[in-house]
Amino acid sequence: MASLKDKLITPVAQPATQPTSKVTVVGVGQVGMACAISVLEKGLCDELALVDVLEDKLKGEMMDLQHGSLFLKTNKIVAGKDYAVTANSKVVVVTAGVRQQEGESRLDLVQRNVNVFKFIIPQVVKYSPDCIILVVSNPVDILTYVTWKLSGLPKHRVIGSGCNLDSARFRFLMGERLGIHPSSCHGWILGEHGDSSVAVWSGVNVAGVSLQELNPAMGSDQDSEGWKQVHKQVVDSAYEVIKLKGYTNWAIGLSVADLLETIMKNLCRVHPVSTMVKGMYGIENEVFLSLPCVLGSVGLTSVINQKLKDSEVAQLQTSATTLWNVQKDLKDL
């Protein structure tokens with residue numbers, strides 16, 4: 001007896017069994033789910049996989065997204081505790097990790113996250129040996145280094161979300177001051193994603209007009225307009241949002257989808273993301289910092305040699321030393 005489906009459909013060829021543009025998000029907390037919905041809204045993948053250790057939360061998030069399938073352009077949404085669900089991913093976004101506890105040092109937090117990553121990263125690589133890993137968990141620069149070490153992948157396929165969001169915050173605040181949309185305000189935050197980030201004032205421009213040429217004191221303590229405050233706001237903004245709502249998630253989710261769009265569509269756009277900078281700007285240790293990088297379908301293909309002032313190079317080197325001092329004491333890498 002033929003089923004309803006058999007009566008409805010005449011098969012012509014076998015449907016595809018392997019995804020061609022699969023994305024996995026590891027960790028379904030606030031950040032992971034913001035990344036997931038941002039990627040789905042942009043229609044960047046033909047399959048989305050979610051992984052976490054919390055099975056009920058995982059199933060609930062998967063079902064909730066699946067129920068929105070009519071409004072999305074993604075064929076398949078899957079989830080599981082077992083990393084087999086991540087097989088054949090093009091990009092794996094890692095948002096998992098432990099939160100900093102009150103009174104806990106940064107090094108202790110990093111060591112706890114290293115222990116989490118020691119479980120996650122080998123599983124990711126086992127099921128998707130050709131994937132690109134995008135690390136989002138904080139402290140992102142150090143955990144990108146940890147991922148690179150644990151994965152055995154070439155450095156162009158291990159990328160940290162880095163200063164992509166810091167630069168977006170900077171451009172938003174710049175736009176607020178000038179009454180111009182952030183996409184027309186150009187400026188770069190480089191170095192560590194965090195307190196020691198570097199604002200490249202010499203490159204800040206609108207329509208190719210250098211703002212530092214109009215205001216030579218821009219970014220310095222002598223600036224009567226206080227533009228230095230804009231960079232301080234960038235550094236402080238995450239702390240402020242966390243204080244107000246407990247975490248940040250929407251902006252980082254959008255930032256990650258922006259990076260994924262460049263990778264999945266091979267756009268060769270330039271983003272400030274965290275990459276291995278040994279040998280650049282006089283940095284001698286294996287640290288990951290944000291520099292302007294060209295991204296495409298094979299990962300991070302090149303770094304733009306930005307002309308930095310001596311003071312900016314010195315700040316980058318300080319960032320590198322700060323990170324190395326934490327990294328060199330990490331165990332079991």
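Here the Cβ of each residue, glycine as well, is placed from N, Cα and C on the backbone.
The annotation active site, proton acceptor is assigned in Swiss-Prot to H193 on the grounds of similarity to another entry. Look at Swiss-Prot and you will find 29-57, R99, N138 tagged as NAD(+) binding site, backed by similarity to another entry. Under the heading substrate binding site, Swiss-Prot lists R106, N138, R169, T248.
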Problem - Number of other Cβ atoms within 10 Å of the Cβ of H193 (active site, proton acceptor) across all protein chains - result: 30
Fill in the blank from the handout: Spatial neighbours of N138 (substrate binding site) among the recorded positions G29, I37, E41, C45, V53, H193, using Cα within 10 Å, are H193
Practice task
Find, for the listed binding-site residues M33, I37, C45, A49, V53, the residue with the lowest Cβ contact count at a 10 Å cut-off, counting only other Cβ atoms.
Solution key: V53
Completion exercise
Rounding to whole Å, the Cα atoms of K57 (NAD(+) binding site) and T248 (substrate binding site) are apart by 19
Fill in the blank from the handout: Cβ atoms other than its own within 10 Å of the Cβ of G29 (NAD(+) binding site), all chains, total 18
Problem - Integer Cα-Cα distance in angstrom, C45 (NAD(+) binding site) to R169 (substrate binding site) - result: 26
Practice task
Out of K57, R169, give me whichever of these binding-site residues has the highest number of other Cβ atoms within 10 Å.
Solution key: R169
